[in-house]
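Working notes for the structure below.
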Amino acid sequence: MSSFKQEPHKLLVIPGPIEVADDVLYANAHPSMSHMSADFVPVLGDCLRMTRQVLYSTTAQPFIIAGSGTLGWDQVAANLVEPGESVLLLNSGYFGDSFTECLQAYGANVDEVRADFGTAADLDEVAKALSAKKYKLVAFTHVDTSTGVLSDAKAVAATVQRVSPDTLVVMDAVCSVASEDIRMDAWGLDVVLTASQKGLGTPPGLSILVASQKALKVFEARTRPVASYYASWKKWLPVMRAYEAGSAAYFATPPVNLIYAYHASLTQITRGAPSLEERFAAHRRASARIKDACAALGLRQLPRDPAYAANGMTAVYFPAGLAAPDVVPRLLQKDVVVAGGLHKDHKDKYFRIGHMGITVTHEERGDIDRIVAALRETFAEAEASKKA
Ligand SMILES: Cc1ncc(COP(=O)(O)O)c(C=O)c1O
């Protein structure tokens with residue numbers, strides 16, 4: 001372990017990117033390596049194995065590719081859907097809109113079950129849609145980062161399996177992997193897609209997608225060519241399989257250093273303390289502390305049902321008389337960086353706090369205490385300034 005320590009900086013508690021541990025940043029500073037070298041092969045190989053572990057899968061195929069979370073949507077749209085095929089998208093916010101747009105760009109015929117603001121899609125409506133029409137896949141956002149709504153992934157998958165068992169279940173888990181419990185095999189999820197910069201505690205730059213064997217069979221059975229070059233699993237599947245089997249293969253140069261960083265973070269997540277289960281419990285506890293502190297300040301949560309609120313982030317409305325300019329800059333002055341609203345119809349009415357990764361698991365950092373204290377001081381000052 002090196003003695004490297006990052007510069008003092010403002011506490012980054014937006015819902016991703018998140019704070020990154022010193023050893024992860026230091027791993028990114030690895031001397032430049034050949035991506036084909038025998039030393040690098042097991043690093044990517046281990047990342048593939050540990051990624052599977054985080055999702056409690058034994059058989060699914062991970063893809064770790066340079067890109068951001070968005071590239072996961074492209075992978076799904078390009079590899080699993082053929083032009084004119086139908087997709088049912090459960091839209092619970094901003095990221096649902098974008099996923100639909102991406103699917104349509106590849107020629108998918110997308111129907112949506114739209115959730116009311118602050119809620120997840122109604123599963124009776126989903127079942128009805130699935131009985132009325134054949135869908136190649138159902139896609140949904142686990143935690144919609146624009147609202148902090150957590151969908152019930154297990155129940156979504158169970159609904160699809162009950163009503164339309166051939167339909168693939170695709171979950172955008174960019175804002176939930178490693179902060180929410182996800183049981184890919186047990187729940188029957190066919191694709192879980194994410195990115196490096198949130199719960200996985202690594203700088204941005206990796207698209208991480210895990211596909212079930214069922215999804216791979218659907219991909220292999222496609223009749224038309226994949227309408228993307230960079231996102232094509234025809235190109236990436238042999239590369240991922242080779243690295244996991246212990247040999248190098250080339251399609252496009254992987255971000256070698258970032259993969260060292262991801263390896264360092266995954267090692268902590270899968271082999272360090274807390275255990276994976278304890279990690280999820282710690283996220284639930286930290287989330288409750290932030291949400292309770294917000295409630296004590298009179299801030300109402302966006303998710304209408306507290307049972308469907310994310311554990312890695314909190315979205316709360318500004319109280320009457322206060323708005324983003326009264327709050328966000330004051331938090332910034334206290335070196336706490338939060339995010340404003342994102343949902344297009346409501347973005348000025350609320351703000352978002354991220355609580356994932358080391359901010360939650362490394363209690364000795366005191367990040368949660370710092371956030372709570374900064375919120376209390378900020379709202380006291382903001383309210384006092386309005387009365388003055
Ligand atoms: C739920 C969700 N999906 C997709 C994305 C897109 O990921 P990226 O910005 O890494 O491309 C984000 C980004 O925050 C997200 O929160």
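Each Cβ is built from the backbone N, Cα and C atoms, and glycine gets one as well.
Curation plays no part in TrEMBL annotations; they are all automatic predictions.
Mean model confidence of the domain 'Aminotransferase class V' (25-343) amounts to 97 (pLDDT, 0 to 100 scale). Among the features that TrEMBL reports, domain 'Aminotransferase class V' is placed at 25-343.
The N6-(pyridoxal phosphate)lysine annotation in TrEMBL covers LYS198. For LYS198 (N6-(pyridoxal phosphate)lysine), other Cβ atoms within 10 Å of its Cβ number 29.
The substrate binding site annotation in TrEMBL covers ARG352. For ARG352 (substrate binding site), other Cβ atoms within 10 Å of its Cβ number 22.
The DSSP secondary structure for ARG352 (substrate binding site) is strand. Between LYS198 (N6-(pyridoxal phosphate)lysine) and ARG352 (substrate binding site), the C-alpha separation comes to 14 Å.
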